[in-house]
Every structure is written in structure tokens, then in C-alpha cells.
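Over in TrEMBL, the protein carries these features:
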- 25-479: domain 'Major facilitator superfamily (MFS) profile' (DOMAIN)
- 64-86: transmembrane segment (TRANSMEM)
- 98-116: transmembrane segment (TRANSMEM)
- 155-177: transmembrane segment (TRANSMEM)
- 197-221: transmembrane segment (TRANSMEM)
- 319-339: transmembrane segment (TRANSMEM)
- 351-369: transmembrane segment (TRANSMEM)
- 381-410: transmembrane segment (TRANSMEM)
- 454-474: transmembrane segment (TRANSMEM)
Amino acid sequence: MTMSPPIDEETPLLVKKVTPLPLTQFSIVLFLQLAEPLTSNVIYPFMPQLIRDLGVTNGNEAAVGYYVGMMQSIFFLTQAFTVLHWSRLSDTIGRKPVILVGLFGLSLSMYCFGLSRTFWGLVLSRSLSGALNGNIGVIKSMIAEITDETNISKAYGYMPIAWSTGCTIGPMLGGFLSRPHERFPSWFGESEFHKKFPYFLACSVPATYSVISWLVTYFFLKETHPNPTPIKEVLGLGASETKNSSLLVDTSDDEGSLLTAKKGEKKDHSIRKILTRRVAIAAANYAFLSLVDIAYRAIQPVFLSTPIELGGLGLPPPLIGNILSVFGILNGIFQVFFFAGIHDHFGSKKVFIGGIALAIPAFLCYPLISVLARAYGLSRAVWAVVLMQIVFSIGVSLSYGAIFIFINAASPRESLGATNGLCQMTVSVMRAIGPAAANSLFSVSIERNLLGGWLVYYVLLAITCIALFIGTLLPRKLWTAADL
């Protein structure tokens, strides 16, 4: 009798029938996912100018990077304290209620951000957004629950549509709608409100989108958790015997169930349960990928706005927004049409490591752009390298889809939300450290002319090499249930 060869992640999917994606629910997930990148990216083009307007730097141009980095980090710092709790809660009460809370937090915080006139007001707004928002981990759990091994790479290929759209529209809105009384005097020139709050219009658009997303989620999104516990029961307000009896299932398996038939024991969603070796490896790789990526993207708007004589390009917010939007457009197109094919051909590990490796030339483009700009001004050569850097950064983004697939494979099925939350918590810590550290180092490098003002790039290249080393710990083949 001839035995069939084992099927792993590098075996072509043609040997299995590919399950169609549930397009309606998947489209709704992408729609509501857009709210987060839209709100986070809208502030990037005008943040350096906003810091200058507040006067916290006392005219010290080199110090702008400190405060911009701090503002970028605050959201992720507060998210790091709460995202695991939101994700674990979603394993109990379901995904949908947690997503509704997150969308409410995004909307409220962005309205408050646009109305803030002090640095500490901005800090409070960003902190509120991070504390109330655990959606990113919960949405990944939903994606895993509505897909299987035959279509998950296709799903992760489409997921960048939301992020790329947010990375495209967000900077455009931020640059185009900031200070409308100056840009559109015929419409807003007489508006005292927009003179007093020059960035409210830019912030109100993503805030309103979050409100719309909340309504779409409430009325149309279906719960994907198989057995959510009613919120009233979680709060100790009681539950009907009928509801309880519907949750009673056989508990002969080792992992148990949501509620046991007679003992009423709950599933174990503790950190000890999910913190296996393979989850730790996947989480570490996700964290370092995020550190490399957020450091690159954090210094990009500061670099573009820094005067040429100090090592940047001295560009205005609208042009910075356009440059950031080009990445969003190209990245979205590339991910949708090519990620699944690249992943299925090369496998998750090769795609992940190859993507991180492209961060090396992306970082090297910064000093090259600076040299060309000082020598020739904003010449064609400068713009050619800027475009080349964008192409390299698109390659880095391929690593996200690959590591999401590793995380899904590493997760215990009954604790998918908690696992995604744990991984997202480590990422939030890195993203809290990354912008502040990268922009502070950028400012220090310029102020003290460390290594010709390029110390920041040497450090980021070293971090990239560490991320590549950690990537080698990933298995060549995806983990399976037998590896538990």
C-alpha cells in the first residue's frame, strides 16, 4: 500500500479544495479595521507642525523629534496595558462587544485630539485611544475563525487593503485638511473655530468614520466566537437555566469546554496556558518585526520635515502626506495581488525573513537621501531614492502576513483571542518604545552630530540584524496540533 506524502505549508494548495472566503462578513471586518490605521496615520503629516505650534520646543527645531516620538508612543504604551485584557475578554463574551468598545474609544479620542490646545491634552487623548482599543488582536482572531488552512493566506493577502487604505487616505486627510483657514480661506478664513482648533477638521473625519464603523458592526457584523458568555452573566447579573443548559457539552477531551456539564468549570484562558514555546517564538518575532517597522515609519515624517541643512528634506505637511500615501497605495496593490502567491511558493519562514531583510536597504536610503539633498537639493536623484525606499518598505510589509499565519498556527484553539492579545501586547510595548526611542535618537544624532548625524541609522540597522536572528528560530514548516 502506497502512503501519501505529508502535506505541509510548502505543499501547493491545489491538492486541497480551497474554501471560499465568506465575502460579506470578511468585507465588514476589513471595513471596520480601516478605522484604526485611518486614525493613527491622519496625525503624521501635521504632527511636527503641531508640536511647533504648541511651543513646547521653545524654537529648538532639533527637539521636535522628541515630542513627535513621544506622541506616537503614547497610544501603544497605554494599549500595551489593556490589549491582552480586551483579547482575553473576547474569548469569554465574544469578539463583537469588544470591537464596539474599541471603535467608541477611537472616535471619542480623535474628537478630543482635534479639540486639544495643550501638549497634555494631546497626551490624554492618545492615552484614551490606546486604553479603550483592543481591536487589532480581536480582529485577527475573527479572521482566523472565519478561515481555514486553505484560504488563510488569501485572507491575510486582503487584510492589508484596510491598512494600506488607511495609510493612503489618512496622511492625505491630515495634510490636506490641517489648518483649513489658511489653505481654504474662502471657506474657512472667517471661522474662528478653525483658527482656534486648526487640526480639528482633519481629526473629525476619521473620528466620524469610527462612528459609522460602530453602527455597521452593531447591526451587521456576526459574532464568530462559537460559545460567547452573555455579558450579564459575566457581570454576575444572572443567566437563565435555558441558556446555561445550551452551553453544556461533553468534556471528555483534555482541553475541557466553556462550561462543564455539572461542575460549571470555565475554560482556562490564563497566561500560563497559552505561553508555550511556539507562542513565545511567534510573539518575539512579531514584536521585533513591529519594532523595526515602527522605527522606520516613525522617523520618516520627521526626516521629511527636517531642514535639508540638518539632514532631512524640509518638506511641508501636504507633500509629506502625499509621500506617505504613495506607500499606502502601492503596498495595498502589491499585498492583494501578490502576497498569497509569494507565500504559497516560498513558505511562511522565507517570506518573513526576506521581508525583514529588506529593512536594511530601506534604512540605508535615509543617509543616501540626505547626502543627495545637501549636494543637489530636491533633485530627480533624491526623488528616485525616495521611491526606491518606498519599494523596499513594501517588501518589509510582507512579513506581517507571514507572522500572522505563524501566530494562528501556534495558538491553542480555545484561547485564540488571548494568544493574539498576548502577541499584540508585546508588539504594543515595542511600538511604544520604538517611535520615542527612534525619534529621540534621530534628534540626538543631529544635535550632537554623532557619526555625522547618522548614529540613528547604525542603531536601527543593528536592531534589524537582531530581528533577522530571531527569525531563524521559526520552524521551516508551520506548527500543527501534534506539536503541542
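Placed from the backbone N, Cα and C atoms, the Cβ positions cover glycine too.
Model confidence over the domain 'Major facilitator superfamily (MFS) profile' (25-479) stands at 83, taken as the mean pLDDT rounded to a whole number.
Sequence-remote contacts of a segment are chain residues at least 6 beyond its ends whose Cβ falls under 8 Å from one of its Cβ atoms, and for the transmembrane segment (381-410) they are 9, 140, 144, 152-153, 156-157, 159-160, 276, 278-279, 281-283, 285-286, 289, 292-293, 296-297, 313, 323, 326-327, 330-331, 334-335, 339, 342-343, 348-349, 351-356, 358-359, 361-362, 365-366, 368-369, 372-373, 416, 419-420, 423, 474, 478-480. Remote same-chain partners of the transmembrane segment (351-369), defined as residues 6 or more beyond its termini with a Cβ less than 8 Å from a stretch Cβ, comprise 285, 289, 292-293, 296, 299, 303, 313, 342-343, 382, 385-386, 388-389, 392-393, 395-403, 406, 454, 457, 460-461, 464, 467-468, 471-472, 474.
Beyond the transmembrane segment (319-339), the same-chain residues lying 6 or more positions past its ends with a Cβ under 8 Å from any Cβ of the stretch are 41, 44-45, 153, 156-161, 163-176, 300-301, 304-305, 386-387, 390-391, 393-394, 397-398, 401.
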